[in-house]
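Peer 1: So Swiss-Prot says this about it:
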{"type": "ACT_SITE", "residues": "11", "note": "active site, nucleophile"}
{"type": "ACT_SITE", "residues": "186", "note": "active site"}
{"type": "ACT_SITE", "residues": "189", "note": "active site"}
{"type": "BINDING", "residues": "50, 82", "note": "substrate binding site"}
């Protein structure tokens, strides 16, 4: 049996920062799944650098993407990093903390919308699939407010684990204290090592009912 893995998201799902011809976390996770489950995994990626959570949510209304979500055994989602970067730029100019709260609320609402849409596409009876939401790591550890905002957002994201098939992957913990090693030369996106660590964290979350 071939399993389908559908990956949705932003530049992290694209694999920006990994280096020329180096895989991001998506391809690495696919390989680990194949090893662990002893099954072939078919991968399809819907991702673009710069996407905000509202745009990722909007993708779930496109017929072809909906079809690939319906068929998916495993779905991963990355998002909110671009919302964060925009907030930081505004904060640098205006010094108003509310921009972070607004971005956090916006991201939470969109993530809830994504899960709701996936449930709608899948139908009530299908519960054998997995959804893995990757939370935010902090590429700016020296900016105290950014860390406070990201930690707060991650706490809220964790609350979306409302069903056994949904898990939030703690990317924040993976990168904490290892930014030099796990960030690429642009100091924002993961390096190859960072993506490998992300795929290991995904692997550690297990495969739920797919292991049955």
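From the backbone N, Cα and C atoms, a Cβ is placed for every residue, glycine too.
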Peer 1: So among 11, 186, 189, all listed as active-site residues, which is physically nearest to residue 82 (substrate binding site)? Use the C-alpha atoms.
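Peer 2: Closest by Cα: 11.
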Peer 1: Measuring Cα to Cα, how far is residue 189 (active site) from residue 50 (substrate binding site) in Å?
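Peer 2: Given the Cα positions, residue 189 (active site) is 12 Å from residue 50 (substrate binding site).
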Peer 1: Sequence gap of 6 or more, Cβ distance under 8 Å: name the residues on the same chain that satisfy this around residue 11 (active site, nucleophile), in order along the sequence.
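Peer 2: The list for residue 11 (active site, nucleophile) reads 17, 47, 48, 49, 50, 51, 81, 82, 189, given in order along the sequence.
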Peer 1: What does DSSP assign residue 50 (substrate binding site), in three states?
Peer 2: coil
Peer 1: Can you count the other CB atoms that lie within 10 A of the CB of residue 186 (active site)?
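Peer 2: So the Cβ neighbour count for residue 186 (active site) comes to 10.
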Peer 1: Is it possible to get the count of other C-beta atoms within 10 angstroms of the C-beta of residue 189 (active site)?
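Peer 2: There are 21 such Cβ atoms around residue 189 (active site).
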Peer 1: In terms of DSSP three-state secondary structure, what is the assignment for the residue listed as 'active site, nucleophile'?
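Peer 2: The residue in question, the residue listed as 'active site, nucleophile', is helix (DSSP, three-state).
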Peer 1: Mind checking which of 50, 82 has the fewest other CB atoms within 10 A of its CB? They're the binding-site residues.
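Peer 2: Each of the binding-site residues 50, 82 was scored by Cβ atoms within 10 Å; lowest is 50.
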